[in-house]
């Protein structure tokens, strides 16, 4: 599980969770150089979720000359970065790939208005676009962005000199060029350096720090470095190498997030291990030697002197004096899985959450205080072991993953409460999960399910993060530069509830928008006219606007989509018009009303930045060619003015706009030529704002959703600057919004957990969900909230209306007898070492946790009892003094009933899977052949342990099959355990024993196969659904029907018609009744009356497989002694075996023999064997078990599930590498 959207997630396997404000280091290859921007922390802790653009701490300072006169005496307001969401596996998604386009230079002094051919257009011809390939990241815990060298032949700017361009108009009578005032500075002597890290703190400061370095990719280390400092907003720089030590080679620059005057520099570990500390914004430094090598730093979010350091040898150190002294906290810390406490949630400010690995390879979640982290003072909030790299601490939530028996379970703690298991829809069966966001007391998660390969489903949770419901299926995903997952989902900033998503529909990718957090989605309406003013003929749903939603991996470009909290409703994105998303014929589009309507502003790819609270837009062409112009718009992209910002064309490698929304400064990085020094161009926009804004310069804007004024349960009216008003806002300006609640309507509610939407608004229970079953925490005498199938969307502010109708109703807890009792070990193994702790977990599907007594007998003469489940939630530990085989028995009892569960524990060369083959129904007093198929086949000797019913002593064989006779009618349990070396696995099945029965094979409409995950629970639930459908149509008694769904594809089943439970002496009459029931069922099936709805829009029809109905099978002497019947049986068996061997690939139900399924966990019902499909046919008549797993199968095995070769979906076991 991961938090997506960062390069170093601090969450689930494969992608650590990002944290606020840290150093960025990203590579954007143009000519081999790179630049890195330092924000508020260390290189491994960036935050830039895939669901929204990165909102980062201030980049550029505001110069005093940029202030209006009346503002000079006012205090400087710090720009606070907004809270970020993380997309994590929980996995972590990151920004998208970078592309550039080549295009010719536009005529100077041009002003372009959409509707007239733009300067870059030549009639209808389009220039060839050349993709700019993204480069690899320098390190996995930071971003790197290249500063490219320019083309050869250009005159390099004089080293160390300063170029100044003032705001002027130049040119002859026919042309006139607008100029912006700018200054350029060359970093002298660093032309060989290929990396740079830039920090601009803002906060009433004019200081800029730049660390340039030469990174040798062959050696994997930094060989040269230079530190530059500016005190005049980047107009000039001073080289500080003599102040840090001429021989000191620096590798990283860190800035304290709570006090940006405090700077920390790390030396390259290949040279020395030291840290340089400054408390005056880099003017002076103190150097401290270290006894360990730092890999990453994590600053405390509140205390400016508290720092955590992670070393190269996986040890965690702490400092409480900003790196002057260090103390070892713990060893064997999982990389990136350590977190500071969260204010308001953790009791101690110096508490640290960490994931610690033990010597035996397990991981545990521990917490301790930085100065008190001895073994006696540590605590374990989750007592059991967890999966490695699965701890995520994010806002109010803590996530972990635990894998037992090959299937991962996810747990969440909300506001530091006890951990609860995350509830996804029963058959989502995730093989990968990413946490997208934890904003607004709700979790957004992207889940890749068992039948998905390049798409994810979006799920949203309740406030506690436990119950998840489906918001959108098949969202497109891709891989980033470091192999990280990119989920194409984007949250529009400034207005809550609006998301954009790229969904894969029939191999086409289309862009959808929602205004209510995923309850309803619709396609984007294309613009009415194009850039030339010609009508656009694009009709929904066949044609629409599609957008690229990946955020840029280059922090110095605006990215392909951008929106700001400070400019609500304004969205700029790259995309195309058509039937699907295109990567070639693209342009830039803008929406001024939160995505309702769109206009095209460029027909090529541009970077667009927001200035002065969104009142002005700045655009620069995204191209590898040198440029000296940029475009400015004051009317939300309706018209554009072109300005020159440098005298010589510059190969632009990136640009920084100060994070403060009222800024008028931009810094452009680049080179004038291939071998020139690095150029830093400071561009001042102050001159283009003619005056200060007045009341007459503002207008109101109503947020609508296709004309509906109520969005997320309220009407919102924003005040914004009128398009075209060329005025500047003051620093005291704060965007105003008026809102009032709406009456609750259908669209303010989503389906609750366990319910699915049918039609526009009706929520009905899913086939696997029982809405009448209360929580296990519901104790007799208490009350609980019984869902109506609906829940109000989190953060929706509607009132009255349908709120009472859809709200959950309070009901008394009915009290339930224990059911579904299970006893398992914490690691899922059935082997324990003598003298070591064996920890048991008792699980119960239904019952009253508070009023149920529990007894656990360890099988060695020791037993324990508990009055309720509370003391045993973290497991029951026991140490076995001697080796052997022990039957562990769990017994649960309350005043309504009891339940028992068994586990056979061995203290004993690994086998991976055993499949127990037994008939579903057997005849009393007749031998039943039972066999076990082991995968992979073992060359050595295997020992088989067989338990029948409640027997405490197993039958032990060296053969994989056994014959057994059941003496009494009823349901019997059969368990087999296979021991190979020190490994032990088991399978359990149930068999129904009767005097006689009849059976019939069933098949289904083909659409069921696509939705068949081929796991035991699904087969059991589908069997129950078929049984209910048969009873509904025929009114046959429930206890006389048994439906068993077979493993494998195509999906098939067997219908058993059983005698009544209370069999009397009138046997012949009952046999006649059985024949009548068979005829009734057969007629209903042949008339296609038996069908069920699997999910909305998926109707499944049940058919009779066209084979002869099996005759009555019983245990009477008359039947077994009939010579004629025996002769007919022999003939029929021979014919059947021949036909099966000859045509088994063509008979649908033969798959139940040919496909030995390696199920994801133990079967819940018995699987097919010799007697359920044709009378008197035994397993020996079919292929040997070894052949079942070998050449005769026309199947492929992916993960551990066999599927038909023609199947289009790939089935995999959910992997345990990312939660």
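Placed from the backbone N, Cα and C atoms, the Cβ positions cover glycine too.
Note on 868, 950: Swiss-Prot annotates N-linked glycosylation site at 950; no matching annotation appears for the rest, which is not proof of its absence. For the glycosylation sites 204, 837, 929, 950, counting C-beta atoms within 10 A of each C-beta gives the highest total at 929. The Cα of residue 797 (N-linked glycosylation site) lies closest to that of 453, out of the glycosylation sites 453, 837, 929, 950. Cα-Cα distance from residue 837 (N-linked glycosylation site) to residue 950 (N-linked glycosylation site): 27 Å (rounded to the nearest whole number).
Listed as Cβ neighbours of the repeat 'BNR 5' (589-600) (distance under 8 Å, sequence separation of 6 or more from its ends, same chain) are residues 114, 492, 495, 498, 500, 513, 515, 524-527, 530-531, 545, 547, 568-575, 636-638, 701, 703-706, 723. Residue 797 (N-linked glycosylation site) falls outside any helix or strand according to DSSP and counts as coil. Close to residue 453 (N-linked glycosylation site), meaning Cα to Cα within 10 A, are none of the glycosylation sites out of 204, 786, 929, 950. Per Cα geometry, 950 is the residue among the glycosylation sites 204, 786, 950 nearest to residue 929 (N-linked glycosylation site). Counting residues of the repeat 'BNR 4' (512-523) by DSSP class, helix then strand then coil, yields 0 helix, 5 strand, 7 coil.
In this structure, the glycosylation sites 453, 797 were compared by how many other Cβ atoms lie within 10 Å of their Cβ, and the smallest count belongs to 453. Every protein chain shown contributes to the tally, and the Cβ of residue 786 (N-linked glycosylation site) ends up with 14 other Cβ atoms within 10 Å. Rounded to a whole number, the C-alpha distance linking residue 204 (N-linked glycosylation site) with residue 786 (N-linked glycosylation site) is 56 angstrom.
Residue 950 (N-linked glycosylation site) sits 38 Å from residue 786 (N-linked glycosylation site), taking the C-alpha atoms as the reference points.
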